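According to TrEMBL, the protein carries these features:
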DOMAIN    8-60  domain 'Myosin N-terminal SH3-like'
DOMAIN    69-763  domain 'Myosin motor'
BINDING   G163, E164, S165, G166, A167, G168, K169, T170  ATP binding site
COMPBIAS  599-613  compositional bias 'Polar residues'
REGION    643-665  region 'Actin-binding'
COILED    915-1105  coiled coil
COMPBIAS  1116-1130  compositional bias 'Polar residues'
COMPBIAS  1136-1147  compositional bias 'Basic and acidic residues'
COILED    1155-1231  coiled coil
COILED    1320-1409  coiled coil
Amino acid sequence: MAASELYTKFARVWIPDPEEVWKSAELLKDYKPGDKVLLLRLEDGKDLEYRLDPKTKELPHLRNPDILVGENDLTALSYLHEPAVLHNLRVRFIDSKLIYTYCGIVLVAINPYEQLPIYGEDIINAYSGQNMGDMDPHIFAVAEEAYKQMARDERNQSIIVSGESGAGKTVSAKYAMRYFATVSGSASEANVEEKVLASNPIMESIGNAKTTRNDNSSRFGKYIEIGFDKRYRIIGANMRTYLLEKSRVVFQAEEERNYHIFYQLCASAKLPEFKMLRLGDANNFHYTMQGGSPVIEGIDDAKEMTQTRQACTLLGISESYQMGIFRILAGILHLGNVGFTSRDSDSCTIPPKHEPLSTFCDLMGVDCEEMCHWLCHRKLATATETYIKPISKLQATNARDALAKHIYAKLFNWIVDHVNQALHSAVKQHSFIGVLDIYGFETFEINSFEQFCINYANEKLQQQFNMHVFKLEQEEYMKEQIPWTLIDFYDNQPCINLIESKLGILDLLDEECKMPKGTDDTWAQKLYNTHLNKCALFEKPRLSNKAFIIQHFADKVEYQCEGFLEKNKDTVFEEQIKVLKSSKFKMLPELFQDDEKATSPTSATSSGRTPLTRTPIKPTKGRPGQTAKEHKKTVGHQFRNSLHLLMETLNATTPHYVRCIKPNDFKFPFTFDEKRAVQQLRACGVLETIRISAAGFPSRWTYQEFFSRYRVLMKQKDVLSDRKQTCKNVLEKLILDKDKYQFGKTKIFFRAGQVAYLEKLRADKLRAACIRIQKTIRGWLLRRKYLRMRKAAVTVQRYVRGHQARCYAKFLRRTKAATTIQKYWRMFAVRRRYKIQRAATIVLQSYLRGYLARNRYRKILREHKAVIIQKWVRGWMARTYYKRSMHAIIYLQCCFRRMMAKRELKKLKIEARSVERYKKLHIGMENKIMQLQRKVDEQNKDYKCLMEKLTNLEGIYNSETEKLRSDLERLQLSEEEAKIATGRVLSLQEEIAKLRKDLEQTQSEKKSIEERADRYKQETEQLVSNLKEENTLLKQEKEALNHLIVEQAKEMTETMEKKLVEETKQLELDLNDERLRYQNLLNEFSRLEERYDDLKEEMTLMVNVPKPGHKRTDSTHSSNESEYTFSSEIAETEDIPSRTEEPSEKKVPLDMSLFLKLQKRVTELEQEKQVMQDELDRKEEQMLRSKAKEEEKPQIRGAELEYESLKRQELESENKKLKNELNELRKALSEKSAPEVTAPGAPAYRVLMEQLTSVSEELDVRKEEVLILRSQLVSQKEAIQPKNTMTDSTILLEDVQKMKDKGEIAQAYIGLKETNRLLESQLQSQKRSHENEAEALRGEIQSLKEENNRQQQLLAQNLQLPPEARIEASLQHEITRLTNENLDLMEQLEKQDKTVRKLKKQLKVFAKKIGELEVGQMENISPGQIIDEPIRPVNIPRKEKDFQGMLEYKKEDEQKLVKNLILELKPRGVAVNLIPGLPAYILFMCVRHADYLNDDQKVRSLLTSTINSIKKVLKKRGDDFETVSFWLSNTCRFLHCLKQYSGEEGFMKHNTSRQNEHCLTNFDLAEYRQVLSDLAIQIYQQLVRVLENILQPMIVSGMLEHETIQGVSGVKPTGLRKRTSSIADEGTYTLDSILRQLNSFHSVMCQHGMDPELIKQVVKQMFYIVGAITLNNLLLRKDMCSWSKGMQIRYNVSQLEEWLRDKNLMNSGAKETLEPLIQAAQLLQVKKKTDDDAEAICSMCNALTTAQIVKVLNLYTPVNEFEERVSVSFIRTIQMRLRDRKDSPQLLMDAKHIFPVTFPFNPSSLALETIQIPASLGLGFISRV
């Protein structure tokens, strides 16, 4: 089909536009050959006439169909041209937020100027191992492709990253290196990958700077070779650098900065170690202030300085060297501040005592005067003499700047050399991947020598790129056996020849530099003379004689000749260098050693090794005496040599290209400037790739893909079994021009535009089919609608007519009823009105008569009360008058009598003064005195009597006074009441007058009241009716409120239930998190354990003879190693050396407190051993001495026997007290301890409870033994006592004579006495030990409280740390805590073991002695004596030991047992032929027999060997699912057996009586249950890893790529990066493959007898893996996000759910793990247009995060033209609605997540005694007991 035939009406084209570069338009009519104008309509609705070029008559570019827009690979576009490429990139970048796009072999990366969450470790894991075309474009995909090709092809690789400044080259290279570091890891423990990444901060600080285009622009090029060993793990790296921009050290343009390191130094100037540098603010230095922008927004230079120093330390640059670097850099800053003063036009000087110069010299360690001299002078050498010449101020300034640039360049090279040394590895390098981060094509307003070199390098790289693309195209054509025709492509070899050939630009530049008087002008003239008008690529500007123009592959560039010679020569005065070389500062002379090599223009040398490639690169060999000459090579010459070496390296590797695009010049996030983008696309070679592809057959389809896509264009008769022939037949009919396509071996090749034509035919066919389907369905729907309407109309008519008839009949009935009701109602109303009026009249009369009677009564009552009041008032007034008169009379009498008394007194005083009076008075005075004396006595008596009477009278008076006072108060109250009554009388009188007036008014108002009564009656009736209505409303409101209350109660109940459910879920989540954390720790422990075993094997191989000596296991082991594996060594001897110490995998510093504690513990154990040995010897000596003393004592002491029995009773009571104290201590511990410590399940609580339980059980056992011995002693005493108390001497004599030895009785008694004393001492020692244990328990409680406080302090400290430091600190603290606990538990266990061994030995000795005594006594007693005097036998209760389901083996057969039953057992045979869990039952029966024998060493050894052997089997065959499943099942069964037969009530509920008899009797194996539980967790995690490794290759192919429903999803055109075909071929996985594998897993687990609950957990984990991997790939694959793929996924999920139903596993929680995948599939299928759709999506996708929802919507891609894309506004709406949702920002699900596993107790109904051991197991050495 001709291309012009596609220009039909409504076809869309691209036309040039000065603003948008290209603009879309639509044809308004068909194009006919010969038309000169096209009628177009733009997207904004404007019509346009587009005139064709009359010369070329080229039609505008056609636009691709919408379904092809946004493709991952630009080569998948049907029309390959510039506007299509630009539009596709813009759509992906702006609408889908996708920054990566493939363009054939090139990855185009657009800088988003925003941090994107697409570089995490989960994304790295998702891309690891994937084909490049199977995932969306990404820098990780390119890195994975390079890594995979390196391993597959054994060929070195290169990743070439190029682009403009600010396009993101450095970041892309950094992410590529991070990918290699993460995926490959390092081959040694030196963490090379961390060092490789650590080199980035150093190189950025010394080689990056802020420019107007980029805040972190790399001002040098670098090529980093990352070396790998044979296992493709990183072993080292090497860096080469190119063309450092030295001029930036001394000059920066406006808004630019110098290198970052200078500003970092200035920002850190206040640090103590930097005081000597005498730095300050960056604005104080000339070299850092010229740009006027010393600060970058959002960057903390001080913090960056810290990171730079840390990176230097990590790379092995010592602190002294770091300070040396900073001294040199500070010296450069101070050198820039050195100023010159002009003497005249030809000389200058530096001011004396110039501070910047002195500071520079001090830092550099050189002589200040000498440096000052050579800064202002230079030495000139001629053929005959040498003389010194002063220089001008300008020359001195230039020389100073040249010196600064030279020092910085040397320092830069020195740092690069040391970085390479740090990254160098002694291991031989097998291959490498190079990452080239080099500047892109540059053109500015003023272009100088730097831009010339950069563009020269890009010309070379573009040539290499073109050749590589051309080569790939040729290989593809040859492979498919398509005729290869020469494709014309742009060859830039002429431009390269212009630059580097003989008499080229560089050659002429070097020649001019050698001339004594060469200048830029003379060089420009030579260029004009040599190349102008002779080379088409060289031009001269019209208005300049000091510039030239070169036509590069990207654009024309005008270069200014000024400065070319100076920059090329890079002149530095030799005398200044000599001054620096003579420095006392040791590091400075190192910088100027002449060790430059040709590998780099700035001497970033290689690490001394030649990379191994298929075409090895031979290093250039230097000749002797060539050093000085090489030193004088120009910069251009050096750069040309290094560029040639780089190209040789790249040509010897497989290149991968990353082209970085800068979307705008303003650093706006996700803003696309079409003009700038087109410039860069032209410059970076992307469009050239498109042009080369479009020149041939750019569109390529496999036959199967073509058939699947265009099956709709074929008729049934055209479809053959041979797909290739079918495609050929169809294409010959569809495309008549055979030149438009070619048939290859596996693919069909199409010319440009042919796929678009086929898509048009396909769309037309589908459109016609849709129209026919629509026509038929619409007719059927309308017909169905009409019939439904007609039927409805008839039905409505019938019902309406019936309704009308019923309404008329109802009207007649209502009329008759109304008449009857009216009659009776009128009669009732009249009668009721009459009754009401009559009753009202009677009521009014009664009220009026009553009112008059009451008034009359009140009047009589008032008159009566007034008379009484008058009576009382008149009496009161008369009494008042009488009292007042009486008081006045008495007062007058008093006054008169006082006057008379005064007169009498006066007379008496006169008489008393006369003598005669005295004499008369003295006559008879003595007699009178005596009489008076008697009177006084009598009066005293009378006085006493009177005083008594007075006291009585006072009491009476007081009582009378109280009565009077109360009467007075009462009278006062009466008076007040009288006053009140008087007031009332007056008021009553006034009221009477008023009432009379009221009566008159009442009578006058009576008539008005009667009138009102009628109105009131009417109002009352109205009110009643209103009240009834209100009552009705209130009832309704009440009912509504009751209903509302009920609803609220329901809502509150539901809310509470929801809260309860949520809290329960939260608690379950917390429990799962804690369980998951514990199981992760177990997983980490198992990894460390495997690492330990590997290291031990390596040590065994390295060291043949291990050194003797005692070594203990590393304390960082878990309980598997530290608590249980050492027990056998402790129990037997302490001289057996244990395993070597495990090197810790944790990268944490050594805990010195832990180390000292371990050392102290070893010393204490040795001392304790010595003390115990001494104590044992001393006890034995005491026993021998006491035995000798006892033999010397009398033979019979009856009193002492009684004393011993009393002593035993006292000891028994003491034992009871100790037991009570232990119980009290247990209660106190459970009540008073901290909740963290005593919480059930807490480690400390469990340890203390187990210790207390063991102590009490030991006490009970000892008590029973004491009772048994006591019964034996009593029986012996009863047998001996009759002989000692007999009165008949003859019988005694006969008995004595019957004894063979007369001293045997005494010896027996002495033995019993000794036994009694030993028992007493044993009981006393037990008492002391119990007291010590109780005290120790109290001390442990106190220590646990202190530990709790310390834990809280550490928690508070950890919360203040950053997350990374917090995790590290918590891990270190956890290790320390577990180690301390292990040491404490080991110490307690050792003490208990020693105590138990000691007691067992004593009991055996005592039992042996008692047995000997019994035998001796029985031998010494005759048979007759036994008959006559029988001795009561001692009955020790013991169970009958019939066969109890136990197996016996010898100690030396233990290794054989473990070998046959575990190490060499084949799971498949056991699972098929024997009962499930047989090895577990056999092992438990062996443990039961050891328990029956009370042999703790045997139990310990067997369990330890079992656990270690299972670990060995799993390590050896850990990738075999059957093996791991088999031992998981048996480990769980062994664990259940230990629980079921432990004797604990909680585990004995489902046992039979026979099974309860089989319980363990002597040992509590709870600790080993925990060890087995941990082992089962490790096996489960290993099982999950095996499952994942088996399922992972199947999931993506079976769940996403395979078309389970054929024909639903059509295959879209693909580009050069072919994806994995979705059509089922041989060897590809389908959904049936996954289901078959799931069936296999399930059947194996069922055959092995795995617990049903555990099977459910395994299935849940499998389904989670399937869902997570499927969803992750869906989120990273744009081609999978379509409506049809959503249907495929939902169908696949339904098949998985059907599998769950068939296996009765729907309640396992597996379906819930697929919920995110189900919701993602639904999201692909639902409508995505309106706000209601957005609301529905937000409510539906609750299992997906916001990032995942937005990602799916962005990736949604229509497969057919009938589907529509998701608009950007709709995605924004979704984001706005989900902004309040709090979920994880992580995009991908964690496919490595393992749910915490539990092992619910599952008792076995199998009787142990029925188990038979098959001979096939080879266990003949085991016997049934």
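Residue 1 is the first one shown; counting continues down the chain.
Placement of Cβ uses the backbone N, Cα and C atoms for every residue, glycine included.
Within the same chain, residues at least six positions away from K169 (ATP binding site) with a Cβ under 8 Å of its Cβ are V161, S162, G163, S218, D437, I438, Y439, G440, C660.
All protein chains considered, the CB of T170 (ATP binding site) has 23 other CB atoms within 10 Å. Computed over the coiled coil (1155-1231), the whole-number mean pLDDT of the model equals 58. Under DSSP, residues within the domain 'Myosin N-terminal SH3-like' (8-60) fall into helix, strand and coil as 0 helix, 24 strand, 29 coil.
Helix, strand and coil counts under DSSP for the region 'Actin-binding' (643-665) come to 9 helix, 8 strand, 6 coil. Residue density at A167 (ATP binding site): 25 other Cβ atoms are found within 10 A of its Cβ, drawing on all protein chains shown. Sparsest Cβ environment among the binding-site residues G163, G166, G168 (other Cβ atoms counted within 10 Å): G166.
The Cβ of S165 (ATP binding site) has 20 other Cβ atoms within 10 Å, all protein chains considered. Neighbours of E164 (ATP binding site), defined as other CB atoms within 10 A of its CB across all chains, total 25. For the recorded ATP site, residues G163, E164, S165, G166, A167, G168, K169, T170 set the reference point as the centre of their Cβ atoms, and the other residues of that chain within 8 Å of it by Cβ are N111, N214, S217, S218, G440, C660, K662.
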